[in-house]
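Annotated features in TrEMBL:
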- A:Leu9, A:Gly10, A:Leu11, A:Gly12, A:Thr13, A:Val14, A:Gly15, A:Lys16: NADP(+) binding site (BINDING)
- A:Lys105: NADPH binding site (BINDING)
- A:Glu190: L-homoserine binding site (BINDING)
- A:Lys205: active site, proton donor (ACT_SITE)
- A:355-430: domain 'ACT' (DOMAIN)
2 protein chains.
Amino acid sequence: MKPVNIGILGLGTVGKGTVEVLNHNAEEISRRLGRDVNVFMVSTRNVENARRICSEQTLMTTDPFEVVKHPEVDVVVELFGGTEIAKDLVLEAINQGKHVVTANKKLLAEYGNEIFAKAEEKNVMVQFEAAVAGGIPIIKALREGLAANNIRSIVGIINGTSNFILSEMREKGSSFADVLKQAQELGYAEADPTFDIEGHDAGHKITIMSALAFGTPVNFNACYLEGISKLDSRDIKYAEELGYRIKLLGITRKTGKGIELRVHPTLIPEVRLIANVNGVMNAVRVDADMVGETMYYGAGAGSLPTASAVVADIMDISRLITADTGNRVPPLAFQSGEVKEQVILPMDEVVSSYYLRVQVDDEPGVMAQITKLLADEKVSIEALIQKGVIDQSTAEIVILTHSTIEKRVKAVIAGIEQLPCVRGGVTMIRMESLHGRNG
Amino acid sequence: MKPVNIGILGLGTVGKGTVEVLNHNAEEISRRLGRDVNVFMVSTRNVENARRICSEQTLMTTDPFEVVKHPEVDVVVELFGGTEIAKDLVLEAINQGKHVVTANKKLLAEYGNEIFAKAEEKNVMVQFEAAVAGGIPIIKALREGLAANNIRSIVGIINGTSNFILSEMREKGSSFADVLKQAQELGYAEADPTFDIEGHDAGHKITIMSALAFGTPVNFNACYLEGISKLDSRDIKYAEELGYRIKLLGITRKTGKGIELRVHPTLIPEVRLIANVNGVMNAVRVDADMVGETMYYGAGAGSLPTASAVVADIMDISRLITADTGNRVPPLAFQSGEVKEQVILPMDEVVSSYYLRVQVDDEPGVMAQITKLLADEKVSIEALIQKGVIDQSTAEIVILTHSTIEKRVKAVIAGIEQLPCVRGGVTMIRMESLHGRNG
């Protein structure tokens with residue numbers, strides 16, 4: 001069969017990895033696909049560097065629109081990142097009738113609806129396995145492997161930087177600031193780490209998975225984002241003493257009232273498999289009505305793991321290029337006419353359990369005052385423990401609540417913070433039990 | 001679009017589950033697929049029972065060949081199990097130009113080559129996601145999600161019965177016989193559990209995955225099988241004290257000398273994620289050159305989880321029915337002309353590390369005799385520990401070796417068993433470190 005011609009936009013980390021995967025495993029890929037994948041054209045700022053890794057036949061340009069418009073390019077691989085020029089390039093590629101592979105989670109979480117609509121109009125495929133959890137084939141699992149299920153929830157460790165920081169904080173008892181510095185030295189965190197540690201990156205990924213799972217448009221603006229930069233290593237230690245680990249989770253869940261869509265640090269029981277995913281690794285746990293709980297684990301970032309997903313998408317497209325367009329797997333898993341807006345629950349309406357920590361005067365009556373506030377809001381207590389004595393006159397209390405609606409917990413916290421015996425604010429971290437049908 | 005008509009052979013556990021998934025999630029499935037899946041015809045021994053779960057429109061027969069030959073059936077779903085009538089049915093279905101979905105691991109591991117050749121000749125698809133690890137979409141991951149990789153190894157907990165028994169033996173310190181009885185009462189083990197506990201079932205599954213991973217024909221006869229029925233709870237306890245868990249693993253690995261293909265109890269470090277997969281759950285860990293380590297976890301059996309995979313296959317076929325046949329994903333992942341015989345390593349040539357346990361006279365010089373035997377065969381020792389004193393004159397020794405070729409260890413064992421100070425035989429359990437690029 002005729003080779004499939006790809007045009008790569010951007011030869012950064014993932015772009016170089018894509019060329020390397022295609023070169024290194026050319027034979028393996030061709031043995032599976034029955035045709036070659038040809039890097040026909042590349043757009044890059046540095047043609048000389050690009051020449052070193054691409055074959056002599058590969059056309060080079062500094063103008064990415066040349067790639068997008070070239071009549072012999074079958075598939076455009078967008079690895080620019082960001083949403084400005086990348087969006088124009090992807091839309092123009094689709095307009096030119098090219099299929100698109102992208103690793104750009106931000107682009108899809110923010111502009112996916114426009115892009116998918118355009119792709120449908122032009123009968124082309126947009127594939128994005130690399131946009132979520134790097135090399136883990138989770139998009140394929142959600143769109144195809146679990147297609148017979150009503151998906152109930154997805155819970156993911158989907159930001160490697162944050163998971164590395166939390167793992168180190170737990171293992172070494174170090175502070176957030178110290179571990180962040182170490183992560184930056186190791187190349188696991190950017191010079192400006194905001195995007196990773198404040199939950200934006202995880203938010204883009206859970207937004208995309210939520211749309212795929214529940215048949216809704218992508219709606220990143222509705223995603224609640226809370227990062228790990230304010231976490232105290234003391235909370236990680238207390239959580240561990242109580243049998244929990246703290247992980248930055250992306251969570252999306254279908255409830256009777258609407259869809260939960262949120263990213264925040266979360267206590268999970270240490271006996272759950274996902275609680276034992278450490279370092280920069282990612283894992284996504286899916287709960288679905290027929291299959292129960294499944295989990296997908298692997299490298300969530302890095303040049304070659306991400307490129308592994310990019311090339312798998314190129315291979316999928318190569319196979320489906322000649323299929324009738326009505327029978328392709330739709331980009332958001334559901335037929336476009338079946339993608340429907342659903343209410344995204346505001347955080348006040350989310351039901352969860354909670355870890356609360358507060359410092360108080362070490363004197364009689366304090367516990368009574370706090371438990372009364374909880375009782376007034378009908379928040380029931382799973383555990384109330386005096387964890388530490390800060391100094392002679394100050395004690396530290398940790399409360400674990402049972403499930404309750406978040407607005408009640410916020411009312412309790414407001415009440416506690418007004419008590420004269422309380423020093424400073426209340427630390428609140430959400431908890432997820434994650435016990436499913438399969439335990 | 002016109003509904004796809006399926007004919008189901010056999011309404012046992014998985015057959016009933018398949019009908020239930022299709023009924024319960026009919027709307028969800030149609031929203032994804034853009035067409036309905038219609039249970040057109042069913043073959044069953046008990047038509048009256050079948051009537052209770054199928055719609056009035058579904059045709060019923062007690063003759064499965066009627067289903068296979070019916071001109072309006074598009075996809076035959078073979079859920080008979082076994083290899084006698086099931087093989088004839090599948091071949092006849094293919095002969096009739098029907099696509100086939102099967103959950104029958106034994107059929108594919110033993111007769112897959114014949115079936116896949118026939119399917120190619122007739123331009124039909126044979127899908128078998130449910131044959132390996134139940135509801136976990138591992139076949140799709142191997143054939144498509146990881147298609148850009150050279151797969152290096154697959155290690156799987158792929159028999160839920162055995163994993164339940166080993167988990168219980170570890171947690172409760174019970175004997176194999178006691179836990180087996182309990183598993184039978186809970187319905188986790190068959191009245192005749194041989195197929196599960198002696199490794200046959202895991203062998204079928206790892207044989208299929210090995211072929212998919214390395215582009216070889218299926219070769220179940222070459223798969224080494226060793227079950228868990230001879231495991232002593234004492235070994236599980238000692239392993240745990242040394243930081244290991246014992247799991248029944250299916251293992252396949254590409255080496256310079258050939259392919260390893262084996263099922264046996266295995267010590268793995270307790271820090272590995274897969275070591276923490278307990279109860280009846282399954283997990284498959286894949287090590288591949290570009291993506292590194294990925295792992296897939298979920299229910300490996302059960303009516304609805306298995307049916308989830310069956311229906312996903314039906315949906316895949318429905319999408320590809322109109323695709324040109326040259327562009328479909330080949331059943332064994334590689335184009336048929338690229339599926340090539342490779343040497344399967346005999347166990348004597350496999351390189352592993354080993355756990356050895358032996359009871360000896362508690363007297364001076366014993367250690368020297370044993371370590372000399374190890375040194376003579378150039379087997380180096382990671383640890384040599386006196387674990388227990390059985391009675392006043394008998395001690396128990398556990399040895400962990402470094403990596404070595406199995407025939408050397410067997411020579412050591414033969415030597416040890418001939419020492420006058422040794423009581424009884426040597427217990428040998430293989431070990432896998434499972435440290436990959438991703439830790």
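Please read every residue number as a count from 1 along the shown chain.
Quick reminder: no glycine exception, Cβ is built from N, Cα and C everywhere.
Features recorded in TrEMBL, as mapped to the structure shown.
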{"residue": "A:Leu9", "record": "NADP(+) binding site", "contacts (Cβ under 8 Å, 6+ apart)": "A:Gly15, A:Ser43, A:Pro64, A:Val67, A:Val68, A:Val76, A:Val77, A:Glu78, A:Leu79, A:Phe80, A:Ala86, A:Leu89"}
{"residue": "A:Gly10", "record": "NADP(+) binding site", "contacts (Cβ under 8 Å, 6+ apart)": "A:Ser43, A:Thr44, A:Pro64, A:Glu78, A:Leu79, A:Phe80, A:Gly81"}
{"residue": "A:Leu11", "record": "NADP(+) binding site", "contacts (Cβ under 8 Å, 6+ apart)": "A:Val19, A:Val42, A:Thr44, A:Asn46, A:Asn49, A:Ala50, A:Ile53, A:Leu79"}
{"residue": "A:Gly12", "record": "NADP(+) binding site", "contacts (Cβ under 8 Å, 6+ apart)": "A:Leu79, A:Gly81"}
{"residue": "A:Thr13", "record": "NADP(+) binding site", "contacts (Cβ under 8 Å, 6+ apart)": "A:Gly302, A:Ser303, A:Thr306"}
{"residue": "A:Val14", "record": "NADP(+) binding site", "contacts (Cβ under 8 Å, 6+ apart)": "A:Leu79, A:Ala103, A:Ala130, A:Ser303, A:Thr306, A:Ala307, A:Val310"}
{"residue": "A:Lys16", "record": "NADP(+) binding site", "contacts (Cβ under 8 Å, 6+ apart)": "A:Ile53, A:Ser303"}
{"residue": "A:Lys105", "record": "NADPH binding site", "contacts (Cβ under 8 Å, 6+ apart)": "A:Phe128, A:Ala131, A:Val132, A:Asp201, A:His204, A:Lys205, A:Ile208"}
_On average, what pLDDT score does this prediction assign to the domain 'ACT' (A:355-430)?_
94
*May I have the DSSP-based helix, strand and coil counts for the residues of the domain 'ACT' (A:355-430)?*
24 helix, 37 strand, 15 coil
*Starting from the NADP(+) site formed by A:Leu9, A:Gly10, A:Leu11, A:Gly12, A:Thr13, A:Val14, A:Gly15, A:Lys16, give every other residue of that chain whose CB sits within 8 Å of the mean position of their CB atoms, in sequence order.*
A:Ile8, A:Gly17, A:Thr18, A:Thr44, A:Leu79
_Under DSSP, is A:Leu9 (NADP(+) binding site) part of a helix or a strand, or is it coil?_
strand
*Run through the Cβ atoms and count how many others sit within 10 Å of the one on A:Gly15 (NADP(+) binding site).*
25
*Sort out for me which one of A:Glu190, A:Lys205 has the most neighbouring CB atoms within 10 A, since those are the recorded positions we care about.*
A:Lys205
